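Listed in Swiss-Prot:
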ACT_SITE  Cys383  active site, nucleophile
BINDING   Ser13, Asp151, Ile152, Glu153, Lys191, Thr192, Lys193, Pro194, Thr195, Gln196, Lys227  CTP binding site
BINDING   Ser13, Lys191, Thr192, Lys193, Pro194, Thr195, Gln196, Lys227  UTP binding site
BINDING   Ser14, Leu15, Gly16, Lys17, Gly18, Ile19, Asp71  ATP binding site
BINDING   Asp71, Glu144  Mg(2+) binding site
BINDING   Gly356, Leu384, Gly385, Met386, Gln387, Glu407, Arg473  L-glutamine binding site
DOMAIN    295-547  domain 'Glutamine amidotransferase type-1'
REGION    1-270  region 'Amidoligase domain'
Amino acid sequence: MTKFVFVTGGVVSSLGKGIAAASLAAILESRGLKVTLLKLDPYINVDPGTMSPFQHGEVFVTEDGAETDLDLGHYERFVSAKMRKSNNFTTGQIYESVIRKERRGEYLGKTVQVIPHITNEIQAFIEKGAAASHDGKADVALVEIGGTVGDIESLPFLEAARQMSLRMGRNHCAFVHLTLVPFIASAGELKTKPTQHSVQKLREIGISPTALLCRADRPIPDDERAKISLFANIPQDAVISVWDADSIYKIPQMLNEQGLDRLICEELRLDPKPADLSMWQKLVNAQENPEHEITIGMVGKYVDLTESYKSLIEALRHAGMHTATRVNIEYIDSEELESGHLEVLAPLDAILVPGGFGKRGTEGKIRAIQYARENKIPYLGICLGMQLAVIEFARHLAGMADANSTEFNLETEHPVVALITEWVDREGKVEQRSADSDLGGTMRLGAQRVPVKEGTKARAIYGAEVNERHRHRYEVNNHYVPTLEKAGMVISARTPTENLPEMMELPESMHPWFVGVQFHPEFTSTPRDGHPLFKAYVEAALASQQRKGA
């Protein structure tokens, strides 16, 4: 039977519950246990797919095409299990499911209430999510409950966790509570009162934490831990100090050294082998002792909020670990490039345009792409970044000065990028598509296997086949591909059934390293294995740096 560890948060949000849960899961996995993770989001949105990145950060896409919380990206980077749609659910999904059941008469005319109907549904969703990995035989499922204790939105989830613990009995559920211990500079001391109140609030709900993770900007002294232990009624060895680290990959070792995994295993009556964190130590060592250093310019419109590009930033760091390179990222606001200021691109070793939606800032991105192409700076375009590379190429090298995407200009004379429902086929006819003819109707989501053309950079990077995840509404218009290819562009991967361009590149005679991909490779990069595309990109940046210095 799967055992559960519920991870809750108190005092303030954004303390790093996702990193803490993923780190504990990584330690338990290193002890030989089969682990999986779930994220419960208290907001009423059905999923984060239509939420602004400024509000919610990155939307992480799973292999089965679910648009989920960015914490699922952390989970996949820390453990071997692949996340699925059932690993993340929201209040919106719970209420939607309960209301559908009520309409179908499944409650036999009873008054539908938060307790028991909503809380029972939450428990059913938790058990379904835990069974999605390891053929339903996970040893431990870590369940992160979003929000903070005391939020009205979180109450049904906390109540469901309490009921689940009661129903399953002792030694089947553990609770880890993450809280803040702020340092007050004017007083010169750490303050434990917010943590005391947070634990009291949790105990009022009926939950007593097995362990307390105390976040601070510095290690918490033993006397403060003893004070927290006394007032929170938790053994002192269960009060874990979690201070700010310069790398999230140091957290598993930090928690292991203080015995968090031992406490959890004792509570759940598990007796696995000792933890082996040598892989994490090796990765941290590679990160802290690079032989090279490069600067990559990331040109986007969400550059003030790096949470919007969380997986991409981590993928570049992974590539750095596997190439002994410190990867510095320069965030460049694409709107500032629209009025000039291209000189900020000159010192860069490589340029990257990530995915995105909407017209704002696109002309600045196109100018950055043109600069990269003309100045032979390594370029990687992801999703929108590939589409804009096609537009830039069509305008300046293929004789289509008005080339654009119908996302930005419905009246463009040359729609080289078009909506999934309005492609022009090889005969010049508008081809209408539906949910039956394309994954997700107007949004292509999830993983897809695609063959790769021989003799291309893509083939050297990926081999014969690429299997990556998608999240987009627009595609390169096949009607214009022959013209683009005649001008020198190489379409190096196409979907097997629709024949849609998945990867584009420029030949070495035109540019040393210029690649665009319609998919999102950042979602499959892990610190353990890195990612072949990002590794090749960093190596191209190093080669460019050497050419500049020669």
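Cβ atoms are placed via backbone N, Cα and C, with glycine included.
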Quiz item: Excluding Ser14, Leu15, Gly16, Lys17, Gly18, Ile19, Asp71 themselves, which residues in that chain have a Cβ inside 8 Å of the centre of the Cβ atoms defining the ATP site?
Solution: Gly9, Ala20, Ala21, His74, Glu144, Leu178
Quiz item: Among Ser13, Thr195, Gln196, all listed as binding-site residues, which has the most CB atoms within 10 Å of its CB?
Solution: Thr195
Quiz item: For the UTP binding residues given in the record (Ser13, Lys191, Thr192, Lys193, Pro194, Thr195, Gln196, Lys227), what is the largest pairwise C-alpha separation in angstrom?
Solution: 23
Exercise. Rounded to the nearest Å, what's the C-alpha distance separating Gly16 (ATP binding site) and Gln387 (L-glutamine binding site)? Just drop the number here, would you?
Key: 34
Quiz item: Among the binding-site residues Lys17, Lys191, Lys193, Lys227, Arg473, which residue has the largest number of other Cβ atoms within 10 Å of its own Cβ?
Solution: Lys17
Quiz item: Widest Cα span across the ATP binders Ser14, Leu15, Gly16, Lys17, Gly18, Ile19, Asp71, in Å?
Solution: 12
Quiz item: Around Asp71 (ATP binding site), how many other CB atoms lie within 10 A of its CB?
Solution: 27
Quiz prompt | Cα-Cα distance, maximum over Gly356, Leu384, Gly385, Met386, Gln387, Glu407, Arg473, record's L-glutamine binders, Å | solution = 14
Quiz item: What residue among the binding-site residues Ile19, Ile152 has the most other CB atoms lying within 10 A of its CB?
Solution: Ile19
Practice problem: Find the shortest Cα-Cα separation between Gln196 (UTP binding site) and the recorded positions Glu144, Cys383, Gln387, Arg473, and name the residue that gives it. | Solution: Glu144
Quiz prompt | Protein Cβ atoms within 10 Å of Leu384 (L-glutamine binding site), excluding its own | solution = 24
Quiz item: To the nearest whole angstrom, what is the C-alpha distance linking Glu407 (L-glutamine binding site) and Lys17 (ATP binding site)?
Solution: 37
